[in-house]
Amino acid sequence: MDSLRPPQQMVPQNKSKEDHDEKHGNKSKAVKASPAHSTVALIEEEPEDVDPWNLPELKDTGVPWSALDTKGKVLRVLVSVGKLVLLLGFLYIFICSLDILSSAFQLVGGKTAGDIFQDNSVLSNPLAGLVIGVLVTLLVQSSSTSSSIVVSMVSSGLLTVQLAVPIIMGTNIGTSVTNTLVAMTQAGDRSTFRRAFAGATVHDFFNWLSVLVLLPLEVATGYLYEVTKLVIDSFKIQSGEAPDLLNVITDVLTESIIQLDESVLSGIATGDAEARNKSLVKKWCQTFTNTTLMNVTVPGPENCTSPSLCWVDGNYTFTLKNISETYNVQKCTHLFVDVHLPDLFVGLILLALSLLVLCSCLVLIVKLLNSMLKGQVAAVIKKILNTDFPFPFGWVTGYIAIIVGAGMTFIVQSSSVFTSAITPLVGIGVITIERAYPLSLGSNIGTTTTAILAAMASPGDTLANALQIALVHFLFNISGIILWYPIPFTRVPIRLAKGLGNITATYRWFAAVYIICCFFLFPLLVFSLSLAGWQVLVGVGGPLVVILIIIVVINVLQKRKPGCLPAALRSWDFLPLWAHSLAPWDKVVGVITAKCCCCCKCCQVAADDQEHREKECVENNNKPHREVYDNPAMSAEKEVENEIKIELKILKMTQL
């Protein structure tokens, strides 16, 4: 029975044994056991009386309102209004830069995305379809763009609805990387970064966990496909038009910088050979298409439009066909309309500029929020956002937050914009992660409503398939919410995000490792195995999944019921330290960083030293020689040596 006791219960026995040895004169050397390391908590423990997830008080360091005179009060009001205007301005530029960033990614990799979607043999594998959805959405940084490509392929018959379902799941995951990158800009302060990164990754964990459950369910039963088909068949839905809400305001700026021809991407995805040679940069914003009935030659009578409109003259067969010709009327007015550069170069230019503006706006927004949300203002906002309804209606609060998140996302028409906007608020301590979670879930629903309305604008013959794909996206998010929100015990994404936030607060470099592995390396690995076939995928992926499940189960038992485990498995001490702790890796990263910084400093010092020597050499050459030598021959030799040194230095400089 002693072997089944937790390690902490065996300490008194060891102590009594030491006391017994001392009483009998046995001198034993005390050996302190090294602290156990576990993958459950790869972090430094916080003091028990301090909760790192408590919202900090944003203290008002200024003069109280009651102590101000009339002039001071007027000045404070004007400054507050000016800060609010600046905040709205920076937020507007931030949203516009996200739109331009999406255009830049489409220019850099949009045609590649269309080529990927064309390979139906790969898309027949659900895991490959899921990974393609993730990678393409990362490539174009817009789930709406990748979804529109999928919808166009389904409408044209190149892709069935069943094959498109995993791709839609992948686009849902890919769009959550934006707010994770936004959280990286708050890595300066440890506690702020802890909250911001957890608030961003709670969205990631929700999407990954939903896919982990719903993708096998879809493969086994066709749940999403069957339910959405039942909805489409049951209701007679009339076509409509997707509303333009925030786009009406942002398009004024973004369309003056760049405009893209979305039909080129759809053409590449649908196999149009002419679209491959076209540029994505839109040249003509107004065109006129004229359709006329003309006599044309065809290979044979079977190619005629109808027997009555077909005749043969010698070796030629003629028929009447409608021929459409497009005439360019008005040229676009954006900055790159007359720039004769490849799409790749234009995309790289826009990518660099949009990232610079995006990060600058985000830093300024965070600083403005820190200066505005102080004292009573912060207390009021925190109370409004984080207070629950009184008992017994407290459970309603989260669902109201979901509705608010869906409504705000519907207004801005982008889940990336909304989640990226609330991430800094979580970081500075205005919104708790428990409140940010339902807001993110609502943003997932909000982005699908715009897709549904956009699909309703499709022509009548393709309306059913386009609308079914949009409904699949909607049902996927609703099912995920049902799985991971109603019961507090099932809100696993919050606990996982807090654990990851704790790790990244201690080891900040791990945030970059998480993004690279989770959104790039892991999808590429699964995609590569999928290309090799089901046998390779199951043979390699199966054991890895089993090992991962075993590790998770052991971690949970170590934390909750260590007595159920054998003595050897109650901690991971039997493994090397680098295999179950990030501390050795942190030292490696620290050494590499120190060496890189040292090399940079050494190079800078060497450059400064060389520049200093060159200046001294020039000064010495210009300075008259006042040395007095006893021997004239030695003086001549000294001058010759100096001249040789100068010539050698000049030769070295010319070689560089």
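Each residue, glycine too, has its Cβ placed from N, Cα and C.
Keep in mind that TrEMBL annotations are predicted by a computer and have not been checked by a curator.
The transmembrane segment annotation in TrEMBL falls on one of the ranges 417-434, 561-578, namely 417-434. Counting Cβ pairs under 8 Å to the transmembrane segment (466-487), the stretch among 205-225, 344-369, 507-526, 532-557 with the most such contacts is 205-225.
Simply put, out of 205-225, 344-369, 507-526, 344-369 has the most Cβ pairs sitting under 8 Å from the transmembrane segment (74-101). Within its own chain, the transmembrane segment (205-225) is flanked in space by residues 126-127, 130, 161-162, 165-166, 169-170, 172-173, 176, 437, 440-441, 444, 468, 472, 475-477, 479-480, 483-484, 492-493, 496-497, 518, which lie at least six positions past its ends and keep a Cβ under 8 Å from the stretch.
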